[in-house]
Amino acid sequence: MNLINFSYLNLLFGAGLFSVLESATILNTESDAKKWLTTYNDEAGKYIYDATEAEWNYNTNLTDHNLGISIKKSNDLATFTEQKAIEANKKFVWKNFTDPLLKREFSKITDIGTASLSDEDFQKMSGLNSDLTKIYSTAKVCNKPNDPSGKCYPLDPDLSDIISKSNDLEELTWAWKGWRDASGKHMPDKYDEFVQLLNKAANINGYEDNGDYWRSWYESPTFRKDCEDLWQEIKPFYEQLHAYVRRKLQKKYPQIAFPKEGHIPAHLLGNMWAQSWENIEYLLRPAPDLPSMDITEELVKQNYTALKLFQLSDTFFKSLGLIQMPQPFWEKSMIEKPADRDVVCHASAWDFYNRKDFRIKQCTVVDMHWFMTTHHEMGHIEYYLHYKDQPISFRSGANPGFHEAIADIASLSVATPEYMQSVSLLPNFTDDPNGDLNFLMNQALTKVAFLPFGYLIDQWRWDVFSGDTPRPKYNSKWWHNRCKYQGVYPPVIRSEQDFDAGSKFHVPNNTPYIRYFVAHIIQFQFHEALCKAANNSRPLHRCNIANSKEAGKKLAELMKSGSSIPWPKVLENLTGSEKMSAKSLMAYYKPLIDWPEKRKPRAENWMGGKMSSWIV
């Protein structure tokens, strides 16, 4: 679930529209500006390619040598970026241009992010970012209970496998606590220094703090309120789902004294961060006598490999009439974890900005999770492929959430029983209302369970950036948010010696996270519009757009524009509305929302519940 494939370009380039560099001193025509942009795009593409290639080499082989090259190339890019922004402001009164597209391109070129820092500060910031990412990517947990081998376990696949499959409470607690001790606990001082530098760059560029800068990418003064309104719209559904899951877990683990406030122990939900709950679907199936929707067993039975998962994903996108993966993709992607070196395993999609080199990096395991992840990452590549002919400044999603939503479009179709059966991966599905409920529950455990987590991470970071959450309160505020929004609590006592936010990749890697919350809302708007284009006659949750060239045409039109058009207009072109809305999501899940068992009232109110006993 990660479009931002490397840290330095994420640091360098935002999507904001604010320029703070020198006022123009020489008046040139818009014709001159277009000629200047031609040269700029050629030069920028080369610098970005070099920085991206160096960062790829480091991510796929975590050595000090590769890190040194990567920092050097990112510094070169930062210098180029700053120089060109200054030049653009000196040569052109671009804010007075009459061509809105030309003005938009210049506004992006002159909004340079952390490239505005001094060379010394930029190098310090780059080094801190690399240090934080390396701590995360090389962390291992040792001393597993009842394991005399002395083996140390990395997150992927080992600790993730334990959290997702084990029923042993001692083992689950060991993995949960051990991961946080090995990763986040080593980060807070470095992270605090990193935050100060990010804020310094934001201030130079005219923003109140780095959170203000990140929010500017959505080009809306009401963005924060809009997100809160969306959360309030879907919160009752999440509360119902949470209460149902809690009741089931209480039955499974009677030896645990669940807190009276109504929270769930975070290590019992089948995911290291409790961000999705599909791994405990077997406990939660509305019709438990029917077969599981999990296709892992079938994938293994049919001898699927990582490569075969990628080929199947490529076939799905080709069936829509979209662009197939180019040959360099197959030659250069890292689709399995190497045995001979440390790498950043977190799945990511990469655009090398030369219109021909696009790659995925992930440590694939043959199971349903990676089946879905592969389609997600390839969705990012499709977006790259479709906007590759845009100018450099427009080679991004209409807003950051669009990229993640497009990446998830495939998942809403390939998860359907119809698609699974069409590729012979779900031979025993029962097509009746109970089977439907099982399917929707599985989808909700993946997508609805994620929503508060997708919302809370940047709520926490924005408060860190603004100073509302100072260093001595990092961990207590983190658990305040997790308690308030997710309704989970830690299985062991936490303190300010811990830094549990750092146990999630996107925090040390400095990848903004609110995009995933936005994406998990608007992907259902996209899906509904594409299903209409495909003349779908089934309920929205059973719509499968595979093989629909009309749906593919609509999707391609959206992707081709990149960020050249303000996102509300792009949304309106596809859906008929320029507003983000949860109505399509609620329509998708209506049979599950109306299911009587899930609608049992809950006795507790954990939203905002006390958590003082969990933090010392």
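Keep in mind that glycine also has a Cβ here, set from the backbone N, Cα and C atoms.
Straight from Swiss-Prot, the features:
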- 1-23: signal peptide (SIGNAL)
- 27-610: domain 'Peptidase M2' (DOMAIN)
- ASN61: N-linked glycosylation site (CARBOHYD)
- ASN96: N-linked glycosylation site (CARBOHYD)
- CYS142-CYS152: disulfide bond (DISULFID)
- ARG180, TRP478, ARG482: chloride 1 binding site (BINDING)
- TYR218, ARG515: chloride 2 binding site (BINDING)
- ASN303: N-linked glycosylation site (CARBOHYD)
- CYS345-CYS363: disulfide bond (DISULFID)
- HIS376, HIS380, GLU404: Zn(2+) binding site (BINDING)
- GLU377: active site, proton acceptor (ACT_SITE)
- ASN428: N-linked glycosylation site (CARBOHYD)
- HIS506: active site, proton donor (ACT_SITE)
- CYS531-CYS543: disulfide bond (DISULFID)
- ASN535: N-linked glycosylation site (CARBOHYD)
- ASN573: N-linked glycosylation site (CARBOHYD)
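DSSP assigns CYS345 (disulfide bond) to coil in the three-state reduction, placing it in neither a helix nor a strand. Checking each of the recorded positions ASN96, TYR218, CYS345, CYS363, HIS506 against ASN61 (N-linked glycosylation site) by C-alpha distance, the shortest gap belongs to CYS345. For CYS543 (disulfide bond), the nearest neighbour among the listed recorded positions (TYR218, ASN428, HIS506), judged by C-alpha distance, is ASN428. Sequence-distant neighbours of TRP478 (chloride 1 binding site): residues of the same chain at least 6 apart with a C-beta under 8 Å from its C-beta are TRP460, ASP500, ALA501.
Taking the Cα atom of each, TYR218 (chloride 2 binding site) and HIS380 (Zn(2+) binding site) are about 19 angstrom apart. Sequence-distant neighbours of CYS152 (disulfide bond) (same chain, 6+ apart, CB under 8 A from its CB) are LYS140, VAL141, CYS142. Shown are the disulfide-bonded residues CYS142, CYS363, CYS531; of these, the residue with the fewest other Cβ atoms within 10 Å is CYS142.
For the pair formed by ASN535 (N-linked glycosylation site) and ARG180 (chloride 1 binding site), distance between Cα atoms is given as 48 Å, rounded to the nearest Å. The chloride 1 site, placed at the center of the C-beta atoms of ARG180, TRP478, ARG482, has further neighbours from the same chain whose C-beta lies within 8 angstroms: GLY184, ASN475, TRP479, PRO490, ARG494, ASP498, ASP500, ALA501, SER503.
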